[in-house]
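Going by TrEMBL, these are the annotated features:
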- 1-20: signal peptide (SIGNAL)
- 69-205: domain 'Peptidase S54 rhomboid' (DOMAIN)
- 78-99: transmembrane segment (TRANSMEM)
- 111-129: transmembrane segment (TRANSMEM)
- 135-156: transmembrane segment (TRANSMEM)
- 163-182: transmembrane segment (TRANSMEM)
- 188-206: transmembrane segment (TRANSMEM)
- 237-259: transmembrane segment (TRANSMEM)
Amino acid sequence: MPTFIAVNVLLFAISMYVNNCPKNSSSCVAGFLGRFSFQPLKENPLFGPSAATLLKMGALEVSKVTYDHEAWRLITCMWLHAGFIHLVSNMLSLVFIGIRLEQEFGFLRIGPLYIISGIGGSLMSALFIESTISVGASGALFGLLGAMLSELITNWTIYANKFAALLTLVVIIGINLAVGFLPHVDNFAHIGGFMTGFLLGFVLLIRPQFGYVSQKNVPIGYHASAPKKPKYKTYQYILWGISIALLIIGFIVGLVLLFQGFDGHKPCSWCHYLSCVPTSSWSCNKSSKSVSCMSSQIGYQWNLTCSDSGKTKNYLLKDATDAQILELCTQLCT
């Protein structure tokens, strides 16, 4: 887990270096940081890089996965963060949840659980998000929460204060999922990660039943009067088998649908409410819709005109890249 935290922090630093805000904007936040300074807050209120930079670094965008066959984005997006606030909140959660689980079950179980849950969250997100990009470790973190719940269920007989522990865990999970009903939060990644982690918990976090370990350590020559206990209870084996089958089927079906261009909102018209519930205080309309500009160039002089608003502006750019033009177009149209 500390290694995962270090990788997330390092990739955020690399993202900010690649972003190089002063090169594309004159209103960067924390300008004293140089090329590590943040994008203007009206563009990224989380103190981070631009959407174009995140896309370049490996953010999840459905069209690139489906039509350009960039399936690796399902993995890379879980190591990127939209901003400093996003990074800190996720890493604090990883410290309090991930490290505790790793100390209890070991890295060989929790490491794969974290990564596979993150991929499951990315897959669910890709099946339902429309035109926005997605980054963050939230799917993997919800996978850890889901695994904690299934671990409690499958090892039910060895716990004291079972119902108190179950109620506490359900309340924590409920609160975190409820946050996903706010706008600009990808709750589909949370749900996908949680479901994946919940099933993986039955597979990876199963414990021997009470009395098996002490029975295993009986001295040689000693004959216990009680019948020998199996390592796991029957219901644990059943949950293990069902979870393995559902995981395999779920990932195969999900990937096939994704590469066929499946849009989860068409057969499920109400599913968008799982990620955002509109109220009188906020709207769920996508404010981050794609933008386009008409451009013309004379030497180093570029003229951009926003297709939606008609707003126009001149820029002096040497060796302009497509990412720079897209960035300036986004700023102009917003």
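Cβ coordinates come from backbone N, Cα and C, glycine included.
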Fill in: Recorded stretch that, among 78-99, 111-129, 163-182, has the most CB pairs under 8 Å to the transmembrane segment (188-206)
111-129
Discussion item. Do any residues, 6 or more residues outside the transmembrane segment (111-129), come within under 8 Å Cβ-to-Cβ of it, and if so which ones?
Written reply: 1, 4, 60, 62, 65-66, 73-75, 77-78, 98, 102, 137-140, 142-144, 146-147, 186, 188-197, 200-201, 204-205, 250-251, 254-255, 257-258, 262-265, 271-272, 275
Discussion item. For the transmembrane segment (78-99), give me same-chain residues lying six or more residues beyond its boundaries with a C-beta closer than 8 angstroms to one of its C-beta atoms, as numbers and ranges.
Written reply: 1-2, 4-5, 7-9, 11-12, 15, 38, 44-49, 54, 57-59, 110, 114-115, 118-119, 121-122, 135-141, 144-145, 148
Discussion item. As a quick check of your reading of DSSP, tell me how many residues in the domain 'Peptidase S54 rhomboid' (69-205) are helical, how many are strand and how many are coil.
Written reply: 107 helix, 1 strand, 29 coil
Practice prompt. Grab the same-chain neighbours of the transmembrane segment (163-182) for me: Cβ-Cβ under 8 Å, and only residues 6 or more beyond its ends, written as numbers and ranges.
Written response: 142, 145-146, 148-149, 152, 190-191, 194, 273-277, 282
